[in-house]
Amino acid sequence: MAARGHVLALLVLLALASATAASGGRHPHQHRHRHGRKSARLRLIPSAPGASFADRARDDRNRHAYIRSTLASRRRAAEVGASAFAMPLSSGAYTGTGQYFVRFRVGTPAQPFVLVADTGSDLTWVKCRGAAGSPPDAQPPAREFRPAASKSWAPIACSSDTCTSYVPFSLANCSTPASPCAYDYRYKDGSAARGVVGTDSATIALSGNTGADSSRRAKLQGVVLGCTASYDGQSFQSSDGVLSLGNSNISFASRAAARFGGRFSYCLVDHLAPRNATSYLTFGPGPEDAAAPSPASAPPAPEQTPLLLDRRMSPFYAVTVDTVYVAGEALDIPAEVWDVERNGGAILDSGTSLTILATPAYKAVVAALSKQLAGLPRVSMDPFEYCYNWTAGAPEIPELELHFAGSARLLPPAKSYVIDAAPGVKCIGVQEGAWPGVSVIGNILQQEHLWEFDLRDRWLRFKHTRCAQ
């Protein structure tokens with residue numbers, strides 16, 4: 001086809017040159033429009049006057065293939081901009097932790113890591129060496145990020161607005177404006193991470209609407225990344241760092257969701273599930289959006305409640321609890337316990353295992369549940385207040401319901417709040433939190449539900465599902 005085009009163009013130019021010469025330099029078929037502007041008419045000369053219809057049909061088929069290929073590539077490019085990407089997610093029970101791990105690839109070339117998926121973190125970081133301030137005799141972790149080996153790593157200066165305004169626990173010492181932005185990140189459980197911040201690119205597996213497909217990879221540029229030279233705490237012994245899913249300008253969740261539909265979702269498998277039981281952390285449309293089933297076969301619509309992106313609660317995601325029920329009976333819990341404006345409120349946190357309820361809510365919930373389990377012998381087991389010898393009988397566990405603003409209802413499975421603590425022992429799996437203070441819906445209470453955080457329209461949607469792929 002390209003050859004035909006060149007021949008046609010050459011013949012047109014030759015005809016033009018010949019006509020121009022014959023007219024003494026004037027353009028062929030020159031005339032004036034009524035507005036006085038000159039124009040020229042060129043006579044098209046077929047490149048192959050004797051071509052048969054078979055030849056023309058062959059040429060047309062070739063051109064059609066070209067058109068089809070061009071449009072397909074443009075459609076694929078459009079899909080990349082509007083599709084989703086998914087990251088494998090699994091329980092960390094096999095390591096003895098109560099966290100959920102996500103597989104993450106960062107750098108150029110990409111380096112693989114296993115990070116804690118944490119909706120309470122605003123800084124993504126990985127263990128590494130070669131960062132400024134890294135102890136020369138530090139014991140290298142099993143997997144370490146090597147910034148010097150990544151072509152896309154770029155340090156963030158300590159004088160930058162990103163460092164001074166958005167990096168949590170950034171250090172005040174800034175010897176020169178170009179010095180790297182350093183942090184000393186402190187967690188509520190006493191663990192800590194120290195290092196420097198930069199940006200790099202993450203390798204993602206584009207999935208459209210049908211699940212992960214490792215054959216379609218892309219780079220997510222400009223990910224804010226902490227290069228942690230030293231850390232403390234048991235939480236990080238079994239992982240390579242933290243993937244920030246919190247509500248923050250620099251979190252991975254905020255930046256990735258902004259490019260993929262303004263939302264992200266995750267489905268937590270049973271917290272005791274084996275390592276090979278995998279679900280996905282998804283940015284953009286999830287599996288629920290893959291097709292539009294007929295009304296007769298459509299699954300129940302997810303529950304939804306307003307997502308409170310309150311600066312006072314940042315980087316956590318808050319929701320409004322209206323009422324808590326046990327065995328169908330509404331519990332008498334003061335309204336201020338769930339009110340952010342009155343030093344209360346409730347958040348969802350994937351990085352907390354056990355649900356923590358502020359004292360008034362805790363006392364009401366455990367009193368109602370223990371009343372229903374009063375016939376079982378009690379067992380002492382830290383850190384729980386109410387544990388039972390389950391070998392003495394297996395009574396029906398009363399139903400727990402959380403009603404959120406907008407009439408959304410969470411009915412967790414019984415194993416999510418009366419949990420297996422030891423062979424033959426079950427415990428009421430909630431902890432008492434300070435009051436005034438916030439209540440935390442931990443990952444065990446969230447398990448076997450699909451949770452979607454719609455950051456653009458500020459909705460939290462959820463529905464019960466098995467999660468495991």
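The backbone N, Cα and C atoms fix where each Cβ goes, glycine too.
Feature region 'Disordered', per TrEMBL, maps to range 283-305 of the set 30-52, 283-305. Within its own chain, Asp349 (active site) has Asp118, Thr119, Gly120, Phe316, Val440, Ile441, Gly442, Asn443 as residues 6 or more apart in sequence whose C-beta sits under 8 angstroms from its own. Confidence annotation: the domain 'Peptidase A1' (100-463) carries a mean pLDDT of 89 in the model. The Cβ neighbour count for Asp118 (active site), using a 10 Å radius and every protein chain shown, is 29.
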